[in-house]
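Peer 1: What Swiss-Prot records for 229 is phosphothreonine, and it gives similarity to another entry as the kind of evidence. The region 'Disordered' annotation in Swiss-Prot covers 15-34. Under the heading repeat 'WD 1', Swiss-Prot lists 37-79. According to Swiss-Prot, the repeat 'WD 2' annotation covers 84-114. What Swiss-Prot lists as repeat 'WD 3' is 125-157. Under the heading repeat 'WD 4', Swiss-Prot lists 168-206. The repeat 'WD 5' annotation in Swiss-Prot covers 215-255. According to Swiss-Prot, the feature repeat 'WD 6' maps to 271-301. Swiss-Prot lists 310-346 with the feature repeat 'WD 7'.
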């Protein structure tokens, strides 16, 4: 029996194979196009964990829906299932065993989607839109962490309608990440808080933001022992900060770099600066991808402090990205991110999710 029971696809499921895509300015990198992409802006992407055989991709959109595809080794994508919220879906994540997907929405709720039964139930409630959602698997507890614009961080046992714990945030939650035993939350007004999750979640440290502009995305990275050791933080000002929690030499080890900017130098020619919409670390190499409102993705080696690759420019922003569990596939979503306001929104423009073979391009150059 398949994970999703009988065929429960959505839309018209055409196929899209490696190497068979047509190229134009919506897909200048000749990457694989995911079939039946959402009908409105795509806000979040997440691949299934390694506990699940195969690769499944989840996307949440401003059409209030969450979609799931199976990604086959050939590159073919098969629509599997779909669930709805009553507001835009801002974040998605998986349970560690791959049996559940958790979704956060502007409708002020979070849901748990059981992929075997294809049933979704509400598991969380906030007083404002829920911006982030993460599954926490600790030795002594499991829970879902939700961050909201109501300035709270809540932790939920999925069997109870009341939160296990509520932590107050200094401002609205804008982005967050979790790799046990660490969580990091970035808020409005450039707030930045690290939490430790052992035994029970608690605030570990508040950090003065290394960035001067609004926080947009954050991703935790690991050290060589596979332990979370720091995070990358992106802002609307085309800049990423690499920040270690306990570095031997903070002034030397922590740094920021510019990205997602046009080629002007700011002195002789004005430079266009774009938001960093997403950051994802490669699960094997520890290198990272950034995507931006400029319609490009870039790959970086933070240890060598070098850029590995920048894509050609797509004809609309790249709103989200993620790697699959072994780092062979890089997924990125091309859709309007509202960075230029409603007057630049074109409802006729299609939204796309692309898949790229990432096995070689993310390797650090100094590795033999």
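Note that Cβ sites are derived from N, Cα and C of the backbone, with glycine treated the same way.
How buried are the listed features, and what sits near them?
Peer 2: Counting every protein chain shown, the number of other Cβ atoms lying within 10 Å of the Cβ of residue 229 (phosphothreonine) is 17. According to DSSP, residue 229 (phosphothreonine) is assigned to a strand segment.
For the repeat 'WD 1' (37-79), same-chain residues at least 6 beyond its ends with a Cβ under 8 Å from one of its own Cβ atoms are 3-4, 9-11, 13, 15-18, 85-98, 101, 103-105, 107, 113, 115, 319-326, 329, 331-333, 335-338, 350-353, 355.
Counting same-chain residues at least six beyond the ends of the repeat 'WD 2' (84-114), those with a Cβ under 8 angstroms from any Cβ of the stretch are 40, 43-46, 48-49, 51-52, 56, 58-66, 68, 120-135, 137, 142, 144, 146, 148, 156, 158.
As a summary of secondary structure, the repeat 'WD 3' (125-157) carries 0 helix, 21 strand, 12 coil according to DSSP.
Over the repeat 'WD 4' (168-206) the predicted model carries a mean pLDDT of 98.
Tertiary neighbourhood of the repeat 'WD 7' (310-346): same-chain residues 25-29, 34, 38, 40-50, 55, 57, 59, 71, 236, 274-275, 277-278, 280-285, 289, 291-299, 352-359, 362, selected by CB-CB distance under 8 Å and a gap of 6+ residues from either end.
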Peer 1: Go through the chain and flag residues at least 6 beyond the ends of the repeat 'WD 3' (125-157) whose CB is under 8 A from any CB in it; none is fine as an answer.
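Peer 2: Contacts with the repeat 'WD 3' (125-157): 87, 90-96, 102-110, 112, 163-178, 180-181, 183, 185, 187, 195, 197-201.
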Peer 1: Determine which residues of the chain contact the repeat 'WD 5' (215-255) at the Cβ level, with the cut-off under 8 Å and only residues 6 or more beyond its ends counted.
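Peer 2: Distant Cβ neighbours of the repeat 'WD 5' (215-255) are 174-182, 184-188, 190-192, 194, 205, 207, 209, 261, 273-281, 286, 288, 290, 292, 294, 302, 305, 339.
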Peer 1: According to DSSP, how is the repeat 'WD 7' (310-346) divided among helix, strand and coil residues?
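Peer 2: Here the numbers are 3 helix, 13 strand, 21 coil.
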